[in-house]
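Peer 1: Dumping the structure here so I can ask a few things about it.
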Amino acid sequence: MKRLAVIHTGGTIASRPDPHGQGVTPQSPPSVPGLPGVEVRDHQPFRLPSPHVTPAHMLSLAHLIERLAPEHDGVVVTHGTDTLEETAFFLHLLLATRTPVVLTGSMRHAEEVSWDGPGNLLDAAYVALDRQSRGRGPLVVFGGDIFDARTVTKVHTTAVDAFGGYPGPIGRIDRTGEGAQVRYFAMPEARPVYRPPNVSAHVEILYAYAGWQGEGYAEADARSDGLVIAALGTGNLPAELLPLVARSAGKGRPVVIATRTHAGPVLPVYGYPGGGATLVAAGAIPASFLNAHKARVLLLVLLSLGRNLADIRRVFGEGAF
Ligand SMILES: NC(=O)C[C@H](N)C(=O)O
């Protein structure tokens, strides 16, 4: 008999219209629909809409998965979709287990005509119990697609196929009459594991726009241990930002440059004031292909581990995640 742990954390997959309040709220999670020969054990460490999930919740989730993984063939985590990619990437950085860990959720709640919760949950269970999923780090399963935690991102606010991300899925699950077919298009990779004792560092994200003169930068810098900027294109900013970034970097404060563009790396190409080459020369750290919110998760983990600026630069530069 195979054993599957299902950890419910809330989100739309556990939601329905609130009988006493306003709108849709998390109430009770679904069970995995019929899987013969599988012992399913449910856990519910918290029940939150995912905008209420914090790095402290993610850390407690990582500890719970580490405890459950050795006694199970697979672990499924149900989660709200809004911050699902941050939790998936956080777990990707922290978990050492080879036991498959699969995150999923739903876009429609239990009382909608086309509730996608049970189907996504069943797909996630099949993927988590498949031996080919071992040693791949946490995966996200949504709409039959299997995604890597580093690249997956929510791409639509309402569509059922809400997840995508460049360069796309690394696998596919399709249910057949009697079971499921799981196919991967990528090999499992070795990756470093980070073990922060807490997530106490403070990291903020600033979002760049045409005409930004640095409003909000000094305040964010004063409150933070590190900053992430969702910059323009390959990682460029208006000229006014260059001295501000240089000042932070000069104080030894990491400033990570991600991009608000939806795909592609950050590269030090442009040499005009504020161009990516000038920001890197001033000490900024390119986020590689991580989006701003995942770059924030990585920076938070590294700062909480007490890593210094040179080490943080190396981790982002070598893609050690
Ligand atoms: N589809 C969802 O799960 C969205 C919901 N607001 C959440 O993230 O909790």
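Backbone N, Cα and C atoms are what each Cβ position is placed from, and that goes for glycine too.
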Peer 1: In TrEMBL, the residues T81, D82 are said to bind substrate. Which of S31, S50, S114 is said to bind at that same site?
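Peer 2: TrEMBL names S50 for this substrate site.
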Peer 1: Report the member of T12, S50, T81 (the recorded positions) whose C-beta atom has the most other C-beta atoms within 10 angstroms.
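Peer 2: Counting Cβ neighbours within 10 Å, the top one is T12.
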Peer 1: Using only the Cα atoms of S50, T81, D82, which the record gives as binding substrate, return the largest interatomic distance in Å, rounded to a whole number.
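Peer 2: Looking at S50, T81, D82 as a set, their Cα atoms extend up to 7 Å apart.
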Peer 1: If you average per-residue pLDDT over the domain 'L-asparaginase N-terminal' (3-176), what number do you get?
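Peer 2: Taking every residue of the domain 'L-asparaginase N-terminal' (3-176) together, the mean pLDDT is 97.
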Peer 1: I need the neighbours of the substrate site defined by S50, T81, D82. Which other residues of that chain put their C-beta within 8 angstroms of the C-beta centroid, in sequence order?
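Peer 2: Going along the sequence, the neighbours come out as G11, T12, P49, P51, H79, G80, T83, L84, G105, K154.
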